[in-house]
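I have placed the structure first, in the form of structure tokens, so that the comments after it can refer back to it.
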Ligand SMILES: Nc1ncnc2c1ncn2[C@@H]1O[C@H](COP(=O)(O)OP(=O)(O)OP(=O)(O)O)[C@@H](O)[C@H]1O
Ligand SMILES: CC(C)(CO)[C@@H](O)C(=O)[O-]
Ligand code: BAL
């Protein structure tokens, strides 16, 4: 595995791989890798011949009172894990390489950026869309792999790619969970042992909601209430949002057969904000 910090080094390595006839796969991350990230590498290796991973904690997508400064970072460990899992090129730029001057051009994906995490983190998805488009232009991948743990991010990035004719195929990948159901996340390391125990309520309440929809519940307010009540039973949990929206348009569901419905939650435990979701296709 080659590790590079500069954009021109990425371009040279990818040009070479392409000349060798290889299909390019791309896995963008913010690092502090776990099995969720590594599952994206596995998928990329199945579908492509040359896997590029980026590790960049993007300041543009963090609000002023969020955890940019304390976001967990360990590049040495990440390098080891990425190499072991079969990444070909690891791109780990610093902020000055990605943003050499204050950025004047940003990407805003209307409507899809507004609800859910967009409402609690104003400007977040503009920061995500902007850095992802920059990374796509730097790497020029054929396929890019994103986890459905960030289902809204998948919707935003897919729409950006469609609207702006970016020549890349977005591959959404399933959520990887701990044995007790908690979705893997770099932020899980912030949790105290007691918070970690109570955090399983996200998955448990989503499982209940999935089951309720499968057995015919179509009253979305009642569904949200049920999820909220379950989460509220945990004393350390503070709900940010519980929402039910059609996917990927993120509008109120019509409740018709074949429609995909996203049940999404964000919950704070102390200073740690966790997200999780379930996608169900209506019968
Ligand atoms: N548990 C998971 N299962 C599948 N994909 C995941 C999982 N966690 C993260 N990903 C995906 O990995 C990519 C990089 O995400 P990121 O580096 O933000 O990791 P993260 O663990 O989600 O961090 P955080 O939860 O702190 O935002 C994204 O496409 C994200 O959806
Ligand atoms: C896609 C991404 C790497 C952009 O910074 C980030 O939002 C993430 O890790 O999901
Ligand atoms: N996984 C989304 C990155 C963030 O929380 O900023």
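The first residue you see is number 1, and the count goes up from there.
For all residues, glycine too, the Cβ spot is worked out from N, Cα and C.
Just so it is clear, the model here is predicted, and its values are computed rather than measured.
Secondary structure at residue 37 (active site, proton donor), taken from DSSP and collapsed to helix, strand or coil, is helix. Annotation source TrEMBL lists active site, proton donor at 37.
What TrEMBL records for 30-37, 147-150, 176, 184-187 is ATP binding site. Residue environment of residue 186 (ATP binding site) contains 19 other Cβ atoms, counted within 10 Å of its Cβ in all protein chains.
The (R)-pantoate binding site annotation in TrEMBL covers 61, 153. Proximity of residue 153 ((R)-pantoate binding site) to non-local residues of its own chain (separation of 6 or more, Cβ distance below 8 Å) is seen for 125, 128, 146, given in sequence order.
Under the three-state DSSP scheme, residue 61 ((R)-pantoate binding site) falls in the helix class. Counting only same-chain residues at least 6 apart in sequence, those with a Cβ under 8 Å from the Cβ of residue 61 ((R)-pantoate binding site) are 121, 123, 124, 125, 126, 127, 128, 131. Positions annotated as beta-alanine binding site by TrEMBL: 61.
Rounded to a whole number, the distance between the Cα atoms of residue 37 (active site, proton donor) and residue 186 (ATP binding site) is 10 Å. Using a 10 Å radius centred on the Cβ of residue 33 (ATP binding site) and all shown protein chains, the other Cβ atoms total 25.
For ligand 1, the nearby binding-site residues are 30, 176, 186; that is, of 30, 33, 176, 186, these have a C-beta under 6 Å from one of its atoms.
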